[in-house]
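J.: I have a structure here, written as structure tokens, and I will follow up with some questions on it.
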Amino acid sequence: GMWRRLSSALMFDAVHVVVSAVRELNRSQEIGVKPLSCTSPLIWQHGTSLMNYLRMVEYDGLTGHIEFNSKGQRTNYTLKILEKHPAGHKEIGIWYSNNTLAMNSTSLDLNASETLANKSLVVTTILENPYVMRKSNYQEYQGNDQYEGFCVDMLRELADILKFSFKIKLVDDGLYGAPEPNGSWTGMVGELINRKADLAVAGFTITSEREKVIDFSKPFMTLGISILYRVHLGRKPGYFSFLDPFSPAVWLFMLLAYLAVSCVLFLAARLSPYEWYNPHPCLRERRDILENQYTLGNSLWFPVGGFMQQGSEIMPRALSTRCVSGVWWAFTLIIISSYTANLAAFLTVQRMEAPIESPDDLADQTNIQYGTIHGGSTMTFFMNSRYQTYQRMWNYMYSKQPSVFVKSTEEGIARVLNSKYAFLMESTMNEYYRSLNCNLTQIGGLLDTKGYGIGMPLGSPYRDEITLGILQLQESNRLEILKRRWWEGGQCPKEEDHRAKGLGMENIGGIFVVLICGLIIAVFVAIMEFVWSTRRTAETDEVSVCQEMLTEFRNAVSCKKNSRSRRRRPLTSTGGGVLRHPSRLTLAGPRPIRLIREMRLSNGKLYSGAGCPDLGPGPQRLLEDPLVAPPAPPRSFLQACSHVRICQECRRIQSLRPAALTPPPPGASPPPRPDPEADVTAI
Ligand code: ASP
């Protein structure tokens, strides 16, 4: 009866359409009717026009809206889906001619007598860590036991609560599900629509587009789209990171600056008369001698002392040399401050700022490729986005060749690790892979917020029960416990831990290397100095250098006084315990002075004019030697000659040109107070 009624209605509408088309045709042209033979090639002249008018007809008839496309097929119509009920038929949904289906879900739920208890459901899912994974030895198992993961555990607990059994079936095309241009759906969504499965349990995102064609339970996990990128490895701090605060060029210029300062200092000190002074103003024998402390060695040493913030005993006296020292110290101040300020950062820096920090950065560049998993909600998020940045990103991803879309998350991770590729993925998986691989990092925040739900065919009778089960699991914290179990790991040190960690040997080891090298060089130089001095003084010596060095060491260790010269040559002891070489007894006057000056070369201050009564055997004593130097003034006299009290003689010597003076005879008592005018004439 139903079919007859339908065909009558269709016939009725067809006649109506023809009538209105002919009426339209008749309005524009006179249509005459004439008989046509089927065998003649003649056609009715108005035939094609009538066909066009037929296609243009639009009208609401008994079978709904009537409209035709260019091919003459009916378009824009709907089919009502009816369900048989004891009391007749009930409309439960509408099918649209553009291939979409709208089920009136509440009507389906009316048969709520259907419960999950004792049902056996087919569950479609997709392999995705850590939601559903194959066990490592899955070949030994059958059916559901092959799988493990967060979703499998959750499904088992749900099945326990709701008393149903299930069979896990991996989705055929390995996709989550996205709409195709022809209106059908791929992936798990497609399997639910086609009733190949009763549930979809996976990291299955709830979207409005999917909600139109399938049903979702309430979400069991919340997440958002995030960007995964590999850690941008900066240079790892090495042994010599302490050099990094300055570029090699700066270090080079500092070296040049140092050499320049040394040279200028040396020259300025030579030119300036105030740097020439008499270190032994009290010794008559030496009062004609002026010294300049800025020898080449000292000129090189003084800036080093300043630069290292240690100073040295050499102090500039003249304005010119003080000027040089001042600017050098100012230079040092800035250099050292900058160095200190930068040092900590350079010793610890391991991760540099990533070149991208947000989706906008990603959209603004082409150097780093980016993409999503193919046929999932992340892809459709960009496809349907109305936000300008995301639209630009979609245009890039869509048109990029070779494709930036990946088949699976694993493929995406591999691509991130092996090329310049940023992977747009959901934050939960991002978190999971980051905890597994410390070379991965998340860039920026989440692009959106959404949830994972359990998918069901539209109008599934189990939706409320499943939702209830999920809420129960959530409230009993089972889901949280499961999440922790499957997302554990996290061996990667947190960003803050990097900061808090003390500096290790790998950060500052280099300075120990420098120290050790310095010590080795120092010992080497000491040996060279020793050998050099023994060679020079011991022409007639039979003892080998090595042996001599050994004895020297032995004495040093046993805290004996230096016995080197005594052992080497027979020495005579003179009154007062002064030891002298016999050869020195025959030396002419100037020799010890030359010796002393030589020693001053390497030590700026030790033998300066001020008295130093407690010095052991050494040049000071030589100075006091009555045979080579003028008879030593009494100790009290030497002390009186310190910079606090200047004796008459000292003053005179200091104020006179050395060449103009003849040394007073040895043993002469200090001259009487000089006449100021005599001084002037002498100059
Ligand atoms: N979970 C997503 C989905 O349901 C997969 C993705 O596109 O990232 O489609």
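Glycine is treated like the rest: Cβ placed from N, Cα and C.
Where the annotation comes from TrEMBL, it is an automatic prediction and has not been curated.
On a predicted model such as this, the values are computed, not experimentally measured, just so you know.
Features from TrEMBL:
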- 1-21: signal peptide (SIGNAL)
- 120-489: domain 'Ionotropic glutamate receptor C-terminal' (DOMAIN)
- 130-194: domain 'Ionotropic glutamate receptor L-glutamate and glycine-binding' (DOMAIN)
- Thr205, Arg210, Ser377, Thr378, Glu426: L-glutamate binding site (BINDING)
- 249-269: transmembrane segment (TRANSMEM)
- 327-349: transmembrane segment (TRANSMEM)
- Ile356: site 'Crucial to convey clamshell closure to channel opening' (SITE)
- Cys438-Cys492: disulfide bond (DISULFID)
- 508-532: transmembrane segment (TRANSMEM)
- 561-584: region 'Disordered' (REGION)
- 657-683: region 'Disordered' (REGION)
- 661-673: compositional bias 'Pro residues' (COMPBIAS)
J.: As a quick check of your reading of DSSP, tell me how many residues in the domain 'Ionotropic glutamate receptor L-glutamate and glycine-binding' (130-194) are helical, how many are strand and how many are coil.
T.: 27 helix, 13 strand, 25 coil
J.: Where does Ser377 (L-glutamate binding site) sit in DSSP terms: helix, strand, or coil?
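T.: The residue in question, Ser377 (L-glutamate binding site), is helix (DSSP, three-state).
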J.: Under 8 Å Cβ to Cβ from Thr378 (L-glutamate binding site), same chain, six or more residues apart: give me those in sequence order, or none if nothing qualifies.
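T.: The list for Thr378 (L-glutamate binding site) reads Thr205, Ile225, Thr372, Leu424, Met425, Glu426, given in order along the sequence.
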J.: Would you mind sorting out which recorded positions among Thr378, Glu426, Cys438 put a C-beta under 6 angstroms from ligand 1?
T.: Thr378, Glu426
J.: Please work out the mean pLDDT for the residues of the domain 'Ionotropic glutamate receptor C-terminal' (120-489).
T.: 89
J.: Using an 8 Å cut-off from the Cβ centroid of Thr205, Arg210, Ser377, Thr378, Glu426, can you name the remaining same-chain residues around the L-glutamate site, in sequence order?
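T.: For the L-glutamate site, the extra neighbours are Tyr176, Phe204, Ile206, Thr207, Gly376, Thr380, Phe381, Lys450.
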J.: Could you check what DSSP calls Cys438 (disulfide bond) once collapsed to helix, strand or coil?
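T.: Its secondary structure by DSSP: coil.
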J.: Taking the recorded positions one at a time (Ile356, Cys438), which has its Cβ surrounded by the most other Cβ atoms within 10 Å?
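T.: Compared across Ile356, Cys438, the most Cβ atoms within 10 Å surround Ile356.
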J.: When you look at Thr205, Arg210, Ser377, Thr378, Glu426, which the record names as binding L-glutamate, what is the longest CA to CA distance in angstrom?
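T.: Binding-site diameter by Cα atoms for L-glutamate: 17 Å.
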J.: For Ser377 (L-glutamate binding site), write down the residues of its own chain that are at least 6 apart in sequence and whose Cβ falls under 8 Å from its Cβ; none is a fine answer.
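T.: Spatial neighbours, sequence-distant, of Ser377 (L-glutamate binding site): Tyr176, Ala178, Thr205, Thr207, Arg210, Lys450.
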J.: Is Arg210 (L-glutamate binding site) helix, strand or coil when read with DSSP?
T.: helix
J.: Fill in the CA-CA distance, Ile356 (site 'Crucial to convey clamshell closure to channel opening') to Cys438 (disulfide bond), as an integer in Å.
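T.: For Ile356 (site 'Crucial to convey clamshell closure to channel opening') versus Cys438 (disulfide bond), the Cα atoms are 18 Å apart.
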